[in-house]
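J.: Below: one structure in structure tokens.
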């Protein structure tokens, strides 16, 4: 041992290793015997070894003051455990993270003497809660694949499938027809599904830090039940489609009717010719027309009677005045002109007088 002031003594401790789970706490030991030399010159320093030339300061004590906010990632999570001045300069890290893993170096210096310790910290992370899902058809005779995977966790992660009894939640073996994928242990194939394959299946993801699990329900269906369900679904879809079509046609029919009612007045105003005004009332016109037709009929009747009477009178009274050689044309001319008949002679011969309405006299007198 060197007793001179210029002599430096190096005390080295054996390298140790610690393995902890994430979110837990850890204490990295560092003990020294230099606190009794000079209180004012004691220096303690914890460094995180990044590479051979790069070190990151974690916590230090110098000049009678502690500096524990040197590393932004570990700020508020690192501290000295006890009385570091008396000889215990151990480092405590709480709520461990994966980034805390690495090689830590503890250096203690006082009065030209040094002591240090080198500790390797490993932080392992439990598997994250795995995700379970199914791939395949849940039908009798088909194949079904059970899938399981954890997104994070320290490798290696192992997966194990088991069946759970619903009554007592007891773990059971998988069906005899199941097969585990060796290259991907998180996958299990259930072949030739039957009703016995129905149940609750659990996947457990495990590593050195711990385990997590997930469950999935398997319900195998009959093929005929599937057909009935598919038929029912198709029926519902068709029914809804027909209902939608009927509603749409009804709405379009109402819109078309409303459009025609709105457009009809516009078409009359723009295209139709305005009717001409008539001053004669419909009742007067009808009665006048009927009177005219009646008067005309009476006039023709009277004229025909007078013509026949005239021919008879002329033939009987004055046969010598009408020579047999008279042409038929002259006789027709006398029939056309009934105004020359002598009504007095007709009355004496017993002819009946026919009263002609006043409205028809215009047709009688020429």
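Keep in mind that glycine also has a Cβ here, set from the backbone N, Cα and C atoms.
Annotated domain 'Ig-like' per TrEMBL: 24-120, 130-221, in sequence order. Summarising the annotation, TrEMBL assigns transmembrane segment to 228-251. Residues or ranges marked as region 'Disordered' in TrEMBL: 257-339. Residues annotated as compositional bias 'Basic and acidic residues' in TrEMBL: 266-276, 329-339. Among the features that TrEMBL reports, compositional bias 'Low complexity' is placed at 283-309.
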J.: Summarise the domain 'Ig-like' (130-221) as counts of helix, strand and coil residues per DSSP.
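T.: Tallying H, G and I as helix, E and B as strand, the rest coil: 3 helix, 48 strand, 41 coil.
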J.: Restricting to the domain 'Ig-like' (24-120), what is the model's mean pLDDT?
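T.: When the pLDDT values over the domain 'Ig-like' (24-120) are averaged, the result is 90.
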J.: What are the DSSP helix, strand and coil residue counts for the domain 'Ig-like' (24-120)?
T.: 9 helix, 46 strand, 42 coil
